[in-house]
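Asker: Feature list, courtesy of TrEMBL:
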SIGNAL    1-23  signal peptide
TRANSMEM  98-115  transmembrane segment
TRANSMEM  127-145  transmembrane segment
TRANSMEM  151-179  transmembrane segment
TRANSMEM  253-273  transmembrane segment
TRANSMEM  293-310  transmembrane segment
TRANSMEM  331-354  transmembrane segment
TRANSMEM  374-395  transmembrane segment
TRANSMEM  402-425  transmembrane segment
TRANSMEM  445-465  transmembrane segment
Amino acid sequence: MGRLTVAAAVAAWAIPLAALVDSIVPDPYMDEIFHVPQVQRYCRGDFLIWDPMITTPPGLYYISLAYVASLFPGAWVTRIAEAFDALCTTALLRSTNVIMAMICGVLVHDLLLCIRPKIGKRKATAFAILVALYPIHWFFTFLYYTDVASLAAVLAMYLFCLKKQFWVSAAFGAFSILLRQTNVIWMIFFAANGAIAHAQCLYVKDNVCYENSELTDKSNKEASHMDNKTTAPGFTEEILDAIFKLWNSKCEVLIAFIPFAMVLLVFVAFIVWNGGIVLGAKEAHVVSPHFAQFLYFGLVSAAALLPWHFTPTRLSDLFHCCRKNKTYSSFAILVALGLSLVAVHLFSIAHPYLLADNRHYTFYIWRKVIQVHWMMKYILTPVYVYSWFSIVNILGKSQTRLWVLSFVLSVALALIPAPLVEFRYYTIPLVILVLHSPVISNVKLLALGFLYAAVDFFTLAMFLFRPFQWQHEPGTQRFIW
């Protein structure tokens, strides 16, 4: 019933609101002006023409083709190109993401039950609905963007990796890369931690006859402590332990995870052939050392997960944690502050799109917050550091330090090369944070859900009912994330 409840809840708001969006904004808007004509070419059977302004592979278009074909099998079977093309309207293409949003909700539900079996179906259902309401994910459910489908593919990849169905997981990993190239980082993250967990399970079975251990981070951590029950191993010992167990089961691990290696090799070949990771508009998406982006993610994620990170209890927990080892904590905080100051001073990139496009909320955040005074970007560094310390501390309560380190590195690899500040890029790592954050009370969950809903309807109302005009360009402009 949990899956059905989540899917029904998402459909209950997504379907009528999608119809409202289509009635008020029937024509393609923003990035849709590139995506919609491209997929309509595919609907006509023209797969050889590619819009040079599109940066991502055609994974979403393949999903839409399959979706339209499933709704109208007659047009597909008879191969009437004109009839099939007429079916690929903007409204129908946008509805692809409504289906993807429902799938995302179900996947989050299943992942929570897989990672935290004791959470219960009711709590997993509530968390899944909360993720579906997350404002940026929610907003792009109604437009023809790649974000919702990309999240669905990544979550499916993670779920099947946890279930040890590695070929299926790698297949979803390959498809997630067809939706967005940076998903290769999350494939490597899941595969690497899956390989360590798999080696742990094999080691436990071989040495202590512990069978049927589950591929969850909790069991992973328990298994890593089998050799030393009285004291937790240091970080170096943890790394050496993982290396030893991987080496001990190298043949089994290599055989199990070879599909991920195959996908990675094909992706590397694509980069060599393409001359870079971006398909089109390469001059506007040059890889840049945007270290400040890493800091922005920490603050945005901590703020979006307010009950976990910005409460008196959380502040008290972090304070007591720092007091346990004052020397180390003081050193870590000073280093983090120093590196953050360097990042915002030398590696805070203002992309031309960010400075010129007043349709995005990031335009106003940049001007009214970060650039309101020359000191503001430095004043914010303690908040960035606090956010990241809180994230790492919470993850460290349920995950191994190696898992936490690999997550932080994955976030850095996914975000730092991107010169443009786009909150859409933060969605996948933020959902992974939710999946591995402690369970909170129903009251806090409900309060956060209402907060998300308020932001959702505000941003949708601004998009639909507060259009404006540009003097230098014809057409109606609308506010968007």
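Here the Cβ of each residue, glycine as well, is placed from N, Cα and C on the backbone.
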Asker: Return yes if the transmembrane segment (402-425) and the transmembrane segment (331-354) have at least 3 CB pairs under 8 Å (sequence gap of 6 or more), otherwise no.
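Answerer: Contact confirmed: at least 3 Cβ pairs fall under 8 Å.
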Asker: Six or more residues out from either end of the transmembrane segment (253-273), which same-chain residues have a Cβ under 8 Å from its Cβ atoms?
Answerer: 164, 166-167, 169-171, 173-174, 177, 181, 184, 187-188, 191, 194-195, 198-199, 202, 246
Asker: With CB pairs under 8 Å as the measure, which of the listed stretches 98-115, 151-179, 293-310, 331-354, 445-465 comes out on top against the transmembrane segment (374-395)?
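Answerer: The stretch with the most contacts is 293-310.
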Asker: Taking the transmembrane segment (151-179) as the reference, which of 98-115, 127-145, 293-310, 445-465 gives the largest number of Cβ pairs under 8 angstroms?
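Answerer: It is 98-115, which has the most Cβ pairs under 8 Å.
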Asker: Which residues of the chain, 6 or more past the ends of the transmembrane segment (293-310), have a CB below 8 A from one of its CBs?
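Answerer: Answer is 134-135, 340, 343-344, 349, 380-381, 383-384, 386-388, 390-391, 394, 411-412, 415-416, 418, 421, 423, 426, 429-430, 433-434, 437-438, 440, 444-445, 447-448, 451.
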Asker: Do any residues, 6 or more residues outside the transmembrane segment (127-145), come within under 8 Å Cβ-to-Cβ of it, and if so which ones?
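Answerer: Residues packing against the transmembrane segment (127-145) from afar: 2, 6, 9-10, 14, 17-18, 21, 28-32, 35-36, 39, 60, 90, 93-94, 96-98, 100-101, 104-106, 108-109, 112, 119, 151, 304, 423-424, 426-427, 430-431, 434, 445, 448-449, 452-453, 455-456, 459-460, 463, 480-481.
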